[in-house]
Amino acid sequence: SPSSSSSPPLISQPQTPLRRRPKAMKPPKNHHKHHSDQTSIPKLKSNRPITEILWVSLVATCIKFLLIPAYHSTDFEVHRNWLAITHSLPLSQWYSDETSPWTLDYPPFFAHFEHFLSFFASLVDPIMVNLQHGLNYKSQTTILFQRLTVIVSDFVLVFGIYRLTRNLGYKERVLIWVLVIFSPGLMIVDHLHFQYNGFLLGILLISLSALEEGKDLLGGFVFAVLLCFKHLLAVAAPVYFVYLLRHYCRGGLIRGFGRLVIMGTAVVAVFAAAYGPFLYHGQIQQVFHRMFPFGRGLSHAYWAPNFWVFYIILDKVLAFSLVKMGFSVQTPTASFTGGLVGDSSPFAVLPRITPMVTFSIVLLAIAPCLIKAWKDPQPRMITRWIAYAYTCGFMFGWHVHEKASLHFVIPLAIISLKSVEDAKHYFYLSIVSCYSLFPLLFEAQEYPIKVLLLLLHATLMWIGFSSHFTTTNRKAVETEQTRYDKTRFIVGWFGKLYLLGLVAVEIYGQFVHPILFAERLPFLFLMMISIYCAFGMMYSWIWQLRQIIKLH
């Protein structure tokens with residue numbers, strides 16, 4: 001305009017940004033398009049963990065394929081027979097058939113899972129699902145099919161660990177994926193020994209991820225489904241009940257009661273779907289009889305490294321001492337060192353342990369966790385509480401298998417990066433748990449496999465934890481060396497001595513025991529593994545209990 005052109009330069013210069021400022025405030029013409037592009041960026045980022053975890057699981061799957069021709073235990077025939085039972089017989093006879101000694105003793109949902117797999121098994125090899133002719137059947141197609149069912153079902157574990165770690169940083173989630181997906185315990189138990197623990201633990205992780213996200217109804221529903229797959233995981237049910245009662249059923253009397261009804265309806269619906277058909281056919285008592293065979297005795301043939309190992313050893317030491325002092329001590333007919341699974345608890349001096357005693361001790365051990373969940377139910381603590389509950393079940397439960405250590409080792413991997421103390425604890429625990437599984441693979445050809453799996457796992461943990469727990473404040477390092485040491489991943493001298501003890505036990509078992517005691521005391525080496533690993537497991541239980549009490 002003429003007025004602006006006649007203005008002095010010193011006045012016109014500040015007017016220029018005043019004219020442009022309103023234009024800068026106006027949205028651009030392609031505002032909606034630009035906004036849609038911005039909203040699409042988080043979606044691309046959220047999809048990255050899926051691609052990354054699929055690559056990690058693909059590498060693990062290749063390793064699992066290499067293990068297909070390796071040794072498999074009698075559990076392989078157990079699950080093959082379950083395929084035949086569910087395929088050949090009507091539902092009303094699944095839990096009463098005794099054609100094979102490997103009778104069906106898992107909950108109904110797992111029986112339906114086997115029934116689902118049997119349709120594909122019948123197409124691959126019909127003899128595999130034949131109740132009579134399929135006994136101890138081990139054709140190459142049968143081995144390949146059953147191994148593939150475990151490998152494919154492991155993707156439930158992959159999905160569960162993805163849900164729990166998708167919001168973490170790249171390095172954190174990849175490290176946790178490696179700890180879980182490449183777990184040597186799962187490799188040994190599922191892909192060599194032969195079971196479906198990865199599939200079942202995947203369902204548990206899905207439930208825990210829902211609880212951590214605040215989706216309590218979904219978490220409780222999935223846990224109910226899990227119990228209908230494997231009832232031995234019900235050890236954590238008290239923690240679930242208290243947590244959901246305090247966290248989900250809150251908000252006043254009316255709202256809380258309404259939510260309690262909703263949660264109860266969902267859980268009852270799951271159990272009705274699982275057990276209702278067997279109740280209709282009058283088989284519910286037979287189902288529970290198969291699921292809870294309390295006549296098997298306190299301990300398994302190979303002692304799980306828990307509290308009862310010390311109880312058994314103390315009984316034998318007392319009996320031996322009393323006999324030396326001239327007292328008459330009746331020798332029990334059953335023997336733990338003979339590798340037998342009896343229907344009694346063969347104690348000579350100490351009181352006999354019953355299932356009710358173990359149940360009471362487990363519940364008492366879980367009590368601190370229940371109190372915490374009642375007073376302050378926090379979603380970020382639920383994984384730690386559930387892991388502790390399974391640790392209590394392992395340490396004090398009835399007829400515990402060594403494989404049950406996976407029930408708490410895998411969840412503890414999720415929280416191993418919470419602090420350097422958690423990382424150190426998991427480092428020791430996972431090594432002890434894996435080594436306690438070594439007796440499951442007793443053939444010479446599998447020995448290098450289990451040793452390499454454990455060494456690889458320990459190396460990856462050492463590298464991962466060491467790189468994660470480092471300080472970037474070099475000035476603080478120079479001035480406060482003590483604080484720096486607390487933030488670094490360092491294995492102390494006590495931990496090193498204990499791990500060296502594991503090496504010493506293994507050297508004895510491989511070189512000394514076969515020469516000196518192989519014939520006279522054939523189970524001495526197994527007993528040494530159980531006792532020594534039991535010290536590590538007891539330390540883990542005490543450490544977790546301290547954390548449960550200390551953390552807020």
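We count from 1, first residue shown onward.
Every residue gets a Cβ built from N, Cα and C, even glycine.
Here is what TrEMBL says about this protein:
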type	residues	note
REGION	1-43	region 'Disordered'
COMPBIAS	18-35	compositional bias 'Basic residues'
TRANSMEM	53-72	transmembrane segment
TRANSMEM	143-162	transmembrane segment
TRANSMEM	174-189	transmembrane segment
TRANSMEM	218-245	transmembrane segment
TRANSMEM	257-280	transmembrane segment
TRANSMEM	301-323	transmembrane segment
TRANSMEM	353-373	transmembrane segment
TRANSMEM	385-401	transmembrane segment
TRANSMEM	426-444	transmembrane segment
TRANSMEM	451-469	transmembrane segment
TRANSMEM	489-509	transmembrane segment
TRANSMEM	521-542	transmembrane segment
Six or more residues beyond either end and a Cβ under 8 Å away: which residues meet both conditions relative to the transmembrane segment (385-401)?
204, 208, 233, 235-236, 238-240, 243, 294, 296-300, 304, 306-308, 355, 358-359, 361-362, 365-366, 369, 372-373, 407-408, 411-412, 415, 537-538, 540-541, 544-545, 548
List, by number or range, the same-chain residues at least 6 past the transmembrane segment (301-323) whose CB is under 8 A from its CB atoms?
329, 331, 336, 339-341, 347-350, 353, 394-397, 400-402, 404-405, 432, 436, 439, 526-527, 529-534, 536-538
Top stretch among 174-189, 353-373, 451-469 for CB pairs under 8 A with the transmembrane segment (218-245)?
353-373
Listed stretch, out of 53-72, 174-189, 489-509, 521-542, that has the most CB pairs under 8 angstroms to the transmembrane segment (143-162):
53-72
Listed stretch, out of 53-72, 174-189, 426-444, 489-509, 521-542, that has the most CB pairs under 8 angstroms to the transmembrane segment (451-469):
174-189
Could you pull out which residues elsewhere in the chain have a CB under 8 Å from any CB of the transmembrane segment (521-542), counting only those six or more residues past its ends?
302-307, 309-310, 313, 337-339, 365, 391-392, 394-395, 405, 425, 428-429, 432-433, 435-436, 438-439, 498, 501-502, 505, 508-509, 513
